[in-house]
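Quick notes on the structure that follows.
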């Protein structure tokens, strides 16, 4: 009854705009739980009002619930603690629009020793931190925090989730809305074990700060994947960084701006400027020729850097504008042996050097400057100037007459596909081609379309008819000798194998013959010394004959078998 009267008095004082604080504490019987207080405040009031309620049993800390009406400047929070266990307090805080204080909501489950869990949120226009933390009961897991921030705020926003049990370090997920300037990171840690946290950081467009490093809170390793403002966009040409009519050309890790034919890109003006062109071919030494046709490859970018650096250094004191690479082709090697011996390879690069429209440079002065620079260059070997009329396919030998490329006359067999296209190209073949007669129309290096024979055929002896290539030859105009070389090499290899086989057979037979002769000699010696002692015959008088000679004469002394008594056995009787 006393508590009810105190609560009524507190509400009455708040209603009339009193600035004093009223509180009521009610403690239930049993246990040692601390009191629970509930505080509230009416609009316009500057004092704090609270109500504390403590449940019976256990040793749970107090639970507090605080709230604040619009226009107030004090903190509002709501804390609820369940009975039993030793869980830390749980707090829930919220803030109305226009408030400048912190708002949070904390919920803690009963039992275990889990750290507190906090949930904080902030309305648009506030400048304080907003976070949400959720911690499961039991175990010894560190706190888990989730923070978020509305557009326009300048404080940090993070979200942390930690599972119960084990000794895993905290896991944090941070995000930031467009327009903020604070750090954004996302960290995820699995429950249990002692693995350090893994952090993923990202930054929204428009942010100006870099993601900060994450220090592991335990374990032996950490994994961090940063992304955002420090790495730049993946597509270098999206959005297009080139202004005006220029187009963006993307290389491996850089880009450049390319204008229409006869124009160069002025980076200081950020626009295309009309210029004077000087085409030519240079021969360069490169370490690798693979993927030079691919503009996005590393090899092409290295070649582009070498070419542009060479010409920028050569024409640094002139009104030089830009160098454009037209075509890259591999120069034919002198021999296969020299190609294997040389560490570098030669490539031919067709370029166009563009100067200012009112330049005083001529084709002769440009060639002279390049040849002088080649003497001190390490990778550029040669330069050949190309007549401007030949470059565009126009009639004439004077380059000065072909500067107005849209007004020049195309060569016979060449034509412009569009009046605004500067190049004259072959539209039709120079003569009719018939596929049944093994003919085809191809574009030559000079741009002219010509009717030639198909691969494996050639025009022989001035005959216009395509005939099949002789044995061993193939390809265009029968210039491929692969079959002939293969036939010759195969014949030589077969002959060598046959010679080796014959030599092996002869060697084996000679060894067998030597062995048979030795056996025959041993047999002859054995028969020469043989004596037939059992019959009394001997071959000594047979004149080296293997058959014994029989003696027909009467011997002078007849051998007496009883003469030698020692050789005969005696009877025992």
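Numbering starts at 1 and runs along the chain as it is shown here.
Even glycines carry a Cβ here, placed using N, Cα and C.
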Message: I'm validating the feature mapping. Which of 425-452, 453-480, 481-508 is tagged transmembrane segment in Swiss-Prot?
response: 481-508
Query: Looking at 522-547, 548-573, which one does Swiss-Prot call region 'Disordered'?
result: 548-573
Query: Which ones are near residue 248 (disulfide bond): of the disulfide-bonded residues 242, 272, 408, 433, 453, which have a Cα within 10 Å?
result: 242
Message: Let's check the environment of residue 429 (disulfide bond): how many other CB atoms sit within 10 Å of its CB?
response: 18
Statement: Cα-Cα, residue 433 (disulfide bond) versus residue 441 (disulfide bond), nearest Å, comes out at 7
- request: Give the sequence-ordered list of residues that share a chain with residue 441 (disulfide bond), lie 6 or more positions from it, and have CB atoms under 8 Å from its CB.
  value: 429, 433, 449, 450, 451, 452
Task: Rank the disulfide-bonded residues 237, 248, 466 by the number of other Cβ atoms within 10 Å of each Cβ and report the first-ranked residue.
output: 466
Field: Mean of the pLDDT scores, which run from 0 to 100, over the domain 'SEA' (274-391)
entry: 86
Message: Let me spell it out: take the domain 'EGF-like 2' (385-425), skip the flanking residues so only those 6+ beyond its ends count, and list any with a Cβ under 8 Å from a Cβ in it.
response: 261-262, 276-281, 350, 352, 363, 366-367, 446-449
